[in-house]
Amino acid sequence: MNDGTKNMPSFVLLSFDQDNQFKLFRKVKNVILAIESSCDETSASICVDGKVMNNVIATQEIHSKYGGVVPELASRAHQQAIGPVVKEAMATANVTMSDLDAIAFTQGPGLLGALLVGGAFAKSMALALNIPLIGVHHMKAHILAHFIEEPKPKFPFLCLTVSGGHTQIVRVDDYLDMAILGQTTDDAVGEAFDKCAKLMGLPYPGGPLIDKLAKEGNENKFTFNETLMPGLDYSFSGIKTGFMNFLNKEKMKDPDFVEKNKKDLCASIQRHLIDMLLSKLELAARQERVNQVAIAGGVSANSGLRTKLEQLSKPNGWEVFIPRFEYCTDNAGMIGMTAHYQQLAGDTVPLTASPMPRMKF
């Protein structure tokens, strides 16, 4: 049974200071093995004293022919990949089982079967090694990916978290002190990208293909109806419906309309979605009087979003933080970084902890 005796790093007493107080020095570094398995990436990372040493990722290609992630197939692929991925992460970091001080895993949100695989693997290791288990919130980890590398944002900052399952504006006051200011009331922006891509006959995942084709298109060529929400919340169901109705109307006049205008369509729908995202972010920054602004999550890899965010920085007086592409998509490096701060705060979970597909923020 894990009794929590290794919750904190080991120390050794060396001497007394002038006030006859103990002086403690680190004896060994604190080593965390982090595991990510929330969707269709199996990833493992070694984090040493808050420094991410590596980031091993196995991406599942099987889902493309089904037009989306198939949960059962994702779970099976995680089962096949998790052992080799963890082994590679430990080997490339030159870490052995006896070096590990804690095991971290994505507890949620995500696909239940996928989370179960990563959670079971993490719990078995924590039990066998009698070391703490740390359950990490996937979306909070996306935000703390900004602390893996320089430059790092200063508190407080706003983070636009955008992925296939989430769209949120989050105020971050400290590593573990975050609050959602606004979020989608229906579909996530990543889902909107993929569904609009599917309407144009593009394969899954469609978001990156829209981004690629948009670079050669005219973003002002077409306009579509969209739903504007009050406050800082989003709705993407309206823009998807507007895009679908527009295509159906044009295809009635010309069956080859989409093929003839695909690049302009991609550029135009991407502009609409990005403008929707950033208009709310601008409003949030004014309301919160915050000039440190970041983006996170898989959609933050979109080059159009990154470019337009940079363009907004000067007129708004923002300092903008955009993670390296490797840390935009799902990865265990961000899980390890978040686990580092959770362990410092004594935030661990029991071995009975269950995966939480709809884990609260």
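Residue 1 is the first one shown; counting continues down the chain.
Using N, Cα and C of the backbone, Cβ positions are placed for all residues, glycine too.
Long-range Cβ contacts of ASP330 (Fe cation binding site) within its own chain (separation 6+, distance under 8 Å): GLU36, SER38, CYS39, ASP40, GLU41, SER43, ILE57, HIS138, GLY298. Under the heading Fe cation binding site, TrEMBL lists HIS138, HIS142, ASP330.
Secondary structure from DSSP puts THR161 (substrate binding site) in a beta strand. What TrEMBL lists as substrate binding site is THR161, VAL162, SER163, GLY164, GLY165, ASP194, GLY207, ASP211, ASN302.
For 52-336, the entry in TrEMBL reads domain 'Gcp-like'.
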If I take the alpha carbons of ASN302 (substrate binding site) and HIS142 (Fe cation binding site), what is the distance between them in whole Å?
15
Env. residues of Fe cation site, Cβ within 8 Å of mean position of HIS138, HIS142, ASP330 Cβ:
GLU36, SER38, THR106, MET139, ALA141, SER163, GLY297, GLY298, ASN331, MET334, ILE335
Alpha-carbon distance [HIS142 (Fe cation binding site); GLY165 (substrate binding site)] in Å:
13
Return one of helix, strand or coil for HIS138 (Fe cation binding site), based on DSSP.
helix
Cα-to-Cα gap, SER163 (substrate binding site) vs HIS142 (Fe cation binding site), nearest whole Å:
10
Including all protein chains displayed, how many Cβ atoms other than that of ASN302 (substrate binding site) lie within 10 Å of its Cβ?
26
